[in-house]
Amino acid sequence: MPRPILATIHSAALRHNLERVRQAVPDAKLWAVVKANAYGHGIENVFEALRGADGFAMLDLAEAERVRQLGWRGPILLLEGVFEPRDLELCSRLSIWHAVHCDAQIDWLAAHKTQNGHRVFLKMNSGMNRLGFTPERYRAAWARLNALPQVEEISFMTHFSDADAGAGQPGISAQLQRFHDATRDLPGERSVGNSAATLRQGDDALVRCDWVRPGIVLYGSSPDYPQHTAAHWDLQPTQTLSSRIIGVQQLTEGQSVGYGSRFTAEGPLRLGTVACGYADGYPRHCGTGTPVLVNGVRTRTLGCVSMDMLAVDLTPVPDAGMGSEVTLWGRASNGAVLPIDEVAEAAGTLGYELMCAVAPRVNKTID
C-alpha cells in the first residue's frame, strides 16, 4: 500500500474563493491565474472548479495547451508573453492572448506571418522593475504594435509591487497614476488588479479595470498575511496536506529526537512519528513548535524535519496513536483548519512556496 501522505484538492473551496473575488469586483472580468501548475494543485485538478472565470492566465504554452485540451474555448493569456518567435504560431493557432513587454517581442510579431490576428496585452513597468516598458517608452511601444497588421487587439496591463505590503494604497496610487497617465486616451481594455489589490482595494475607482488577475486568493491563502488571515478575507483552504502517525515513542526527561538532537524533552513526553518529510515538500527548516493538527487537535512539531519523517508532540492529543490523522496544513476531517500561511511563517517563507513545493511522489485527490 502507498505511504499515507496525501494532498487533497478541495473543489468547493476553489469555487468559493472565485466567487469571493467576484463579490469584491463585480464589474470586472476575471483571469484565473493557474501558473506554476495551478500553484502546485495541478491544472487538471482545478479546471472544472475554476471554469466559471472569464479566462485563464499562465506563463507558458505547455500550460496553455493543457487548458485548451481540457475543452476551454475562452480567453487564455500568457503573462510573460512568448519566449521565442516560433511560439507565435501556436498562439495564433490556439487563439492565445499574450503579453508584450519588450522590443524583441514586437520585432518577432512584425516578422511573423499569420492570417489570424494576435490579441496582446502591452505591459507597463510602472514601478515593479521586472518586465514591461517604462511610462516614457510605453506609448511608442503601443504605436509600433498598433501599426502591425499581425495585431488585432491591444489591451493594457501593469503589476503592483506593494499591494500586499506596508506601502498599500499609496504604493498602488503612484503606480496607477503612471499607468493612467500613459494610457488614458488609448483604446483598449485594462488589467491591473492582482490578488492583494483586488481584495484590499475592492471595487475602488483607482483599481477598477476591465480585468483582474487573482492568483493566490483562489487557492485560499491570504495575499497580505500576517496583516490579515485567510479567514479575514473569507477564503477557504483549497489544498490539504495530510498523513498518518506511523510510530509512537515515549520520551523521558533529557532524551532527544531526530538528527542533530535539536529537541530535548524537559520531562515525560509522548511523541508521534509522521510519514512526511522534506522529500514530500514539507519545509525542512520548520523547527520545533511549527503548528500541526493531530486528529484535528492543534499541537506542534518536534526537532528536525528529515527526508521522509517528522515528529509531533502528542501531549495535547492523548487518544492519538498509530494511524491517527495528521494535518500538515489545510482542513482536518473534523473541520478544524490549519492555515498554510501559519506553517509558511514558521518556515520563514510564503504559502505560495509550500503549495508549489508539494513533491510529485505525493498522491493527489480531488474532493
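Each position is counted from 1, following the chain as shown.
Placement of Cβ uses the backbone N, Cα and C atoms for every residue, glycine included.
Straight from Swiss-Prot, the features:
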- Lys35: active site, proton acceptor (ACT_SITE)
- Tyr259: active site, proton acceptor (ACT_SITE)
- Arg130, Met307: substrate binding site (BINDING)
- Lys35: N6-(pyridoxal phosphate)lysine (MOD_RES)
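Known features from Swiss-Prot, placed on the structure.
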residue: Lys35; record: active site, proton acceptor; DSSP class: helix
residue: Arg130; record: substrate binding site; DSSP class: coil
residue: Tyr259; record: active site, proton acceptor; DSSP class: helix
residue: Met307; record: substrate binding site; DSSP class: coil
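The C-beta environment of Lys35 (active site, proton acceptor), restricted to residues of the same chain at least 6 apart in sequence and closer than 8 Å, consists of Ala57, Met58, Leu59, Glu63, Leu79, Gly215. Around Arg130 (substrate binding site), the C-beta neighbours below 8 angstroms that are at least 6 residues distant in the chain are His159. In sequence order, Gly303, Cys304, Ser306 constitute the residues six or more apart from Tyr259 (active site, proton acceptor) in its chain with CB-CB distances below 8 Å.
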